[in-house]
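Data block below; observations after.
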Amino acid sequence: MIRVTRLLEVKDLAISFKTYGGEVQAIRGVNFHLDKGETLAIVGESGSGKSVTSQAIMKLIPMPPGYFKRGEILFEGKDLVPLSEKEMQNVRGKEIGMIFQDPMTSLNPTMKVGKQITEVLFKHEKISKEAAKKRAVELLELVGIPMPEKRVNQFPHEFSGGMRQRVVIAMALAANPKLLIADEPTTALDVTIQAQILELMKDLQKKIDTSIIFITHDLGVVANVADRVAVMYAGQIVETGTVDEIFYDPRHPYTWGLLASMPTLESSGEEELTAIPGTPPDLTNPPKGDAFALRSSYAMKIDFEQEPPMFKVSDTHYVKSWLLHPDAPKVEPPEAVKAKMRKLANTFEKPVLVREVE
C-alpha cells in the first residue's frame, strides 16, 4: 500500500483588503490540499483570487491593506498564518519557493545571475563561497542553460526572456524547497518558449521530487503539467478534481465556459469560440447565492438566493453548484464541452455518486 503524505492543507481561508471603496473580499472560504510529489493547478480568470491565494501561502500579502479574516494554512501540519515575519523568512526559499509572473522584473538588473542564486544559498545554508558558486553552476545546468560556467557571471540583460525565467526557476530551487509555487510563470513568454518552460518544470519535478502549485488562467497549460485542478471564481474554488475529471467530466457551468472558450487542434476553424458573457462580480459587495449565477445560462432561482454547498461526485471530484442537487433539472453542457467528453468516453470511468458534503 502506497502511503500518501500531505504536504499542504488550506482550510476555510478568507482574505480581505481594506480600500477607500470598502472591504474587498478577495478570498472567501478556500479549501484545498497538496500531497508530496503532486502538482496542483489553480485556474481562473484574472481577479478570481489565484495569485492572492499563492501569496497568502508565502505570507507576501501587504498588511495593511490586506488581512487574514479566518482560516489555516497547514504546511507539514504547522499553521503558517500566526507566524511572524522573522519566522516566515526561514520558510520562504528554504521550505517553499516561488516563481513569479514576469522574469523581466524578478531579477536585479545590476547583479550577476550567479550572485543572485548564491544569495539564496547563503541565506538558508552554511556554505562556502566556492561551494555556492559551484552549486549555482549546477542549478543553471539543471534548468537547461548552456555554458553555465560562463553564464553564471553574466547580467540579466544578457539573457533572453525564456532564459531569464530559467534563472528565476534556478533561484527558486536553490535551497531545495519541498513546495514550489509557480504564479503564471509562462505569461510573459511567447508560445514556443512557454512549451519549453512547461517541459522543464515537468522534467524537474521528476528529478527533484518537489510538489508544485501551478497558477494559471490557461487551461491548455494545465493539461500538460497538473495531476489535479482547482477552478477558482470570485474568490472561491467552484470545482476540483483530477485533470481527466475536469477536462472530460466537468460539472460546473464556469468550468464548461472555460473549456468551451479554449481552441483545440481538432477545431475546423469555422466554428466560433464561445465567450463567457458578463464580467466577474465586484467583491466589495459579493452577490448573494452563487457568484456565477448572473453570467450563467443555467442559473436557477435558488442560485440567486443561497450559496451552493460542495457536492461530492467522486473521492477526488467536488463541485460547488446547485445543478448537482438531486432535485435540480438535468442540463447538458455546451456542444464544445460534450465533444471533449466524448473523446475520452471509452477510457474514463464516470462516477455515479453525487452527494452534498459539509
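Every residue, even glycine, has its Cβ placed from backbone N, Cα and C.
Taken straight from Swiss-Prot:
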DOMAIN    8-259  domain 'ABC transporter'
BINDING   Gly44, Glu45, Ser46, Gly47, Ser48, Gly49, Lys50, Ser51  ATP binding site
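When secondary structure is read from DSSP and collapsed to three states, Gly44 (ATP binding site) falls in the coil class. The Cβ centroid of Gly44, Glu45, Ser46, Gly47, Ser48, Gly49, Lys50, Ser51 marks the ATP site; residues of that chain outside this set whose Cβ lies within 8 Å of it are His217, Met232, Pro280, given in sequence order.
Within 10 Å of its Cβ, the residue among the binding-site residues Ser46, Lys50 with the fewest other Cβ atoms is Ser46. Taking the binding-site residues Gly44, Gly47, Gly49 in turn, the residue surrounded by the fewest other Cβ atoms inside 10 Å of its Cβ turns out to be Gly47. Compared over the binding-site residues Glu45, Ser48, Ser51, the count of CB atoms lying within 10 A of a residue's CB peaks at Ser48.
The average pLDDT for the domain 'ABC transporter' (8-259) in the predicted structure is 88.
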